[in-house]
Amino acid sequence: MTQVDLVVVGKFLFKEKIIDGSIGIEDDKIAKFSLRELKGDKKIKVEKGKIILPGLIDVHVHLRDFNESYKETIASGTKAAIHGGITTVFDMPNTKPPIMDEKTLKLRELIFKKKSYSDYALGFLIAGNEPAKADFYKIFMGASTGGIYSKNFEEDYKKAPDIVSVHAEEYELINRYPERPPIVEVVAIKKALQASKKMKKPLHICHVSTKDGLKEILKANIPWVSFEVTPHHLFLTRRDYERSKLLKVYPPLRDEEDRRYLWENLKSIPIIASDHAPHTLEDKEAGAAGLPGLETEVALLLDAVNKGMITIWDIVAKMSINPARIFKIKNKGWEEGKDADLIVVDMKKEWTIKAENFYTKANWTPYEGWKVKGKVIMTILRGEVVMEDDEIIGKPRGERIVKEGNAQGNLGSSQEH
């Protein structure tokens, strides 16, 4: 091919294998994967021992802003995203005020256009209201942060014109069991699965945390249903509550048996997402539920690769390829013609997680002091370096995702590529 705008040279992951070569970038898109060194106007040579991966997609992020800008802003949260190797975030709509009408949705988009350092998808909350056109829809089956939930899940689910991300905790059981034991999640998952099977509508179940909940999803095996797990449910358990009262989260941290079952079935889990939910330390001490995670999720997973718990392909499948396919994102993925979103990881870098080095306003992390091996050292968004060696580069240049159309039909296997 003729000369391109930018060539990134080094080892990169391609079809489950790490190969030597180069990636040609033209007009913000991946123009060519090559086994040889392509010619370009500019060149980035990735040092030996480091690997080029696709920019990652986090389908579950709470960026606060609006009346909770003291907790997080779109600017601070998307800086945290690109610092952690996340190039596209899905913005959860249970904000203050909540995104439940077209006017608020448009205001949200205006702020993103001006302030976002990463690309983004806009969510819309349904709880008895009529949906406006968004990139995805969110339904809470029980109260969480913000307190708004659906009183009639089937009716609200039926209204949604595109894929629904559901917080599966049954509201009637929450009232009876405020500590939210596994049954609260399992009953809600069963209810959501039954509705999806009946309506044949796409559904994404957020933060599956229990052995029995995951069993229900796998047993149902509904082609248009996807789901996610979070790093905190993979790496923490109820025993961690003993070391910190700040770890309150919905759904709660579970028993070791649940955590182990998630790991044992990781190949069947299509998506890993952070559920980044920042609060100030004061709010956490007062009982707010939610954990920050944008700047630790990839680090924890790279460390797991080094420990032989997962493969680097698992990360790419569950945080790039599958999210782009399941949510029908036309311009994202690890293919020629898609946006040139790349990250460079140093698999040998040993470091200690410290909240003081993060961009999120949360100012704390559940993993403070953890020693990990593997780090994101560069983030490229649509052909531009936006983060290198922990420093954010340039001004906000985030753009809204481009959808292929409504996310529907067979979502395919969890490891499709």
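From the backbone N, Cα and C atoms, a Cβ is placed for every residue, glycine too.
Swiss-Prot lists His60, His62, Lys138 as binding Zn(2+) 1, and of Asp258, Asp275, Asp283, Asp303 the one it places in that same site is Asp275. Binding site for Zn(2+) 2 per Swiss-Prot: Lys138, His167, plus His207 from the candidate set His83, His207. With respect to their backbone Cα atoms, His60 (Zn(2+) 1 binding site) and His279 (substrate binding site) stand 16 Å from each other.
Report note: the Zn(2+) 2 site is defined by Lys138, His167, His207, and the residues of the same chain whose CB lies within 8 Å of the CB centroid of those residues, excluding them, are His60, Met92, Ile139, Phe140, Ser144, Ser165, Val166, Ala168, Cys206, Asp275.
Rounded to a whole number, the distance between the Cα atoms of Lys138 (Zn(2+) 1 binding site) and His279 (substrate binding site) is 20 Å.
Neighbour density around each Cβ, counted as other Cβ atoms within 10 Å, peaks among the binding-site residues Leu63, Ala289 at Leu63. Using Gly290 (substrate binding site) as the reference Cα, a 10 A cut-off selects Asp275 from the recorded positions His167, His207, Asp275. Ranked by how many other Cβ atoms sit within 10 Å of their Cβ, the binding-site residues His62, Lys138, His167, His207 place His207 at the bottom.
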